[in-house]
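Novice: Quick one: this structure, given as structure tokens, is what I'll be asking you about.
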Amino acid sequence: MEPEDVEPGDAVHPGHPVTVNRYRKIARINHWITATCLILLAISGLALFHPSLFFMTGLFGGGQNTRAIHPWIGVVLFFSFAGLFFQFWRANMPTRTDAVWLSRAGDLLAGHEERMPEVGKYNAGQKFIFWSMTVLILALIASGLLIWDQYFTYLTTIPQNRVLVLIHSLAAVVIICVWIIHVYAAFWVRGTLRAMVQGSVTGGWAWRHHRRWLRELVTGHKVSP
Amino acid sequence: MDPIHTAQTNPPVQSVPPQFSEKDLIRRSASSVPAPARQLEEVAKLIDVSKCIGCKACQSACIEWNDTHPAIETNVGSYVNPHDLTPDMFTLMRFTEWDNPQTGNLEWLIRKDGCMHCADPGCLKACPAPGAIVQYSNGIVDFVHENCIGCGYCIKGCPFNIPRISRVDHTAYKCTLCSDRVAVGQGPACAKACPTHAISFGTKDDMNKLADSRITDLKSRGYDKAGLYDPPGVGGTHVMYVLHHADQPEIYSNLPKDPKISPVVKAWKGIAKYVGFAAIGIAAAAGLLHSSLVGANRVTREDEENAERLVRDKT
């Protein structure tokens, strides 16, 4: 029993089907602000990363505006993600089950979820996304601030800046890949998206994918009539 | 030796149409250019530090021609003024007091700093904005301000620490080698103003010949390490120095001994792009492949019934 798996607002509503509250409104708003920032950052960053994508600066009103706005979106993303971090970190701490889950990840991908161990609010894959995002966003904000020519480049030498800009671009590539996995998983596992849109999932979804979380909610009397 | 055409020669007085244009570009940042139909004669500025008296006429001429207005600064005990290159100061006399360990003499080394107009320009390689940095077949590397986005990547690319970003219009500035003057047959303003002919301008061939004669002269007067600074690591430059201590360029206010585009910049602008696109492409392709092979992971009716039973039993 790992009660830290249960996050504020999680609750079961009996019915036909059962519905389970998974994300509060504040978490959902927080998530979609972060998501919007990340997408805008990816578009504006890629536009400056490769000449073939420079045309995308048009979406931001030209190269000068893209250069000016990209770091500010990054600042918003940082604080927005910090909001998600403090809401989700406890339930994303690694557990023994994660090792078992990871060792059987191939079965999950092959379509045999019944072979997976019962997991709490987040499985090891979701925890991987959470911690990858955390580490990469920290790397991106730190390197990004130091190469922010308008305000902070004076803090570092030119050779340091070269390394920082390389780190920034590589971290950005990795976070885009992590983002692709995150988005794909949310669509592949049907019924997931509504957790972040309406805030709830069906009892069957919770039973199938996060059974221990569902059990904890039920036995912990987080069942509202 | 044949007389050498330099900036000190009087330029043509009649109106001259521009002698080179966009058709003569051999490189254009973040884009490509068609091979030019003709090859212009390469030009070069030769700065003979042994003749420089540090009068800063070149700085004044540069300010005047480019109509810049460098801020008045404070004297901190050095003749270097302003204290560094700025978006309004494209060339700068850097003064060094050097204790020559061989002779015991104190030597006053004066180097006119500014863009070297590299044959392999690091600024242009790093620039993400199409057409913001261009290179003509005569060797001039120029910034095109209407295309510049002010990101500062040119600063990271440059091996000589030359470009500066203006806080006013957020674009990068540096010496243009007076491309506007050169286009109509005139020499750069600094060369025109130099009272000791320490700055010469002409074809790169002529400047090499002039440098040879100067180096011979310096060697005959005891500077046996005198030589030309035309660093091969950046493909040679179109601003060259005659140095009386060419074996140690770093004593001239840290003139790099073997400048080249940083390997970090090359990785960032080379392999990182391909690896990055490949990684993103593979991630997306893996998703598509997986969804077509395995199909969606759907909640079954049984799952719903199990959940309902669990809730019913526990409450």
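Even glycines carry a Cβ here, placed using N, Cα and C.
Not measured: the values here are computed from a predicted model.
OK, TrEMBL features for this one:
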DOMAIN    B:43-62  domain '4Fe-4S ferredoxin-type'
BINDING   B:CYS52, B:CYS55, B:CYS58, B:CYS194  [4Fe-4S] cluster 1 binding site
BINDING   B:CYS62, B:CYS175, B:CYS178, B:CYS190  [4Fe-4S] cluster 2 binding site
DOMAIN    B:106-138  domain '4Fe-4S ferredoxin-type'
BINDING   B:CYS115, B:CYS118, B:CYS123, B:CYS158  [4Fe-4S] cluster 3 binding site
BINDING   B:CYS127, B:CYS148, B:CYS151, B:CYS154  [4Fe-4S] cluster 4 binding site
DOMAIN    B:139-168  domain '4Fe-4S ferredoxin-type'
Novice: Which whole-number value in Å describes the distance between the Cα atoms of B:CYS123 ([4Fe-4S] cluster 3 binding site) and B:CYS154 ([4Fe-4S] cluster 4 binding site)?
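Specialist: Distance (Cα to Cα, whole Å): 4 Å.
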Novice: Of the binding-site residues listed here (B:CYS115, B:CYS118, B:CYS127, B:CYS151, B:CYS158), which is spatially closest to B:CYS175 ([4Fe-4S] cluster 2 binding site) when Cα positions are compared?
Specialist: B:CYS115
Novice: Cβ under 8 Å, sequence separation of at least 6 from the ends of the domain '4Fe-4S ferredoxin-type' (B:139-168): give me the contacting residues as numbers and ranges.
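Specialist: Cβ under 8 Å, 6 or more out: 42-44, 85-88, 113-119, 121-133, 174-177, 179, 182, 204, 233-234, 238, 256, 259-262, 265, 269.
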Novice: Over the domain '4Fe-4S ferredoxin-type' (B:43-62), what does the predicted model average in pLDDT?
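Specialist: For the domain '4Fe-4S ferredoxin-type' (B:43-62), the model's average pLDDT rounds to 97.
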Novice: Cα-Cα, whole number of Å: B:CYS194 ([4Fe-4S] cluster 1 binding site) versus B:CYS148 ([4Fe-4S] cluster 4 binding site)?
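Specialist: Roughly 31 Å, rounded to the nearest whole number.
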Novice: Return one of helix, strand or coil for B:CYS175 ([4Fe-4S] cluster 2 binding site), based on DSSP.
Specialist: coil
Novice: Less than 8 Å, Cβ to Cβ, versus chain A; work out which of the binding-site residues B:CYS115, B:CYS127, B:CYS151, B:CYS190 satisfy that and list them by sequence.
Specialist: B:CYS151
Novice: Distance between B:CYS55 ([4Fe-4S] cluster 1 binding site) and B:CYS190 ([4Fe-4S] cluster 2 binding site) at the Cα atoms, whole Å?
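Specialist: B:CYS190 ([4Fe-4S] cluster 2 binding site) has its Cα 12 Å from the Cα of B:CYS55 ([4Fe-4S] cluster 1 binding site).
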Novice: Could you check which of the binding-site residues (B:CYS52, B:CYS62, B:CYS127, B:CYS178) sits closest to B:CYS158 ([4Fe-4S] cluster 3 binding site), going Cα to Cα?
Specialist: B:CYS127
Novice: What three-state class does DSSP give B:CYS62 ([4Fe-4S] cluster 2 binding site)?
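Specialist: Once the DSSP labels are grouped into three classes, B:CYS62 ([4Fe-4S] cluster 2 binding site) ends up as helix.
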Novice: Looking only at C-alpha atoms, tell me how far B:CYS58 ([4Fe-4S] cluster 1 binding site) is from B:CYS148 ([4Fe-4S] cluster 4 binding site), rounded to the nearest Å.
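Specialist: Roughly 27 Å, rounded to the nearest whole number.
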Novice: With an 8 Å cut-off on Cβ distance to the B:CYS115, B:CYS118, B:CYS123, B:CYS158 Cβ center, who else from the chain surrounds the [4Fe-4S] cluster 3 site?
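Specialist: Near the [4Fe-4S] cluster 3 site, the remaining chain residues are B:MET116, B:HIS117, B:PRO121, B:GLY122, B:LEU124, B:VAL141, B:CYS154, B:GLY157, B:PRO159, B:PHE160, B:ILE162, B:PRO163, B:LYS174.
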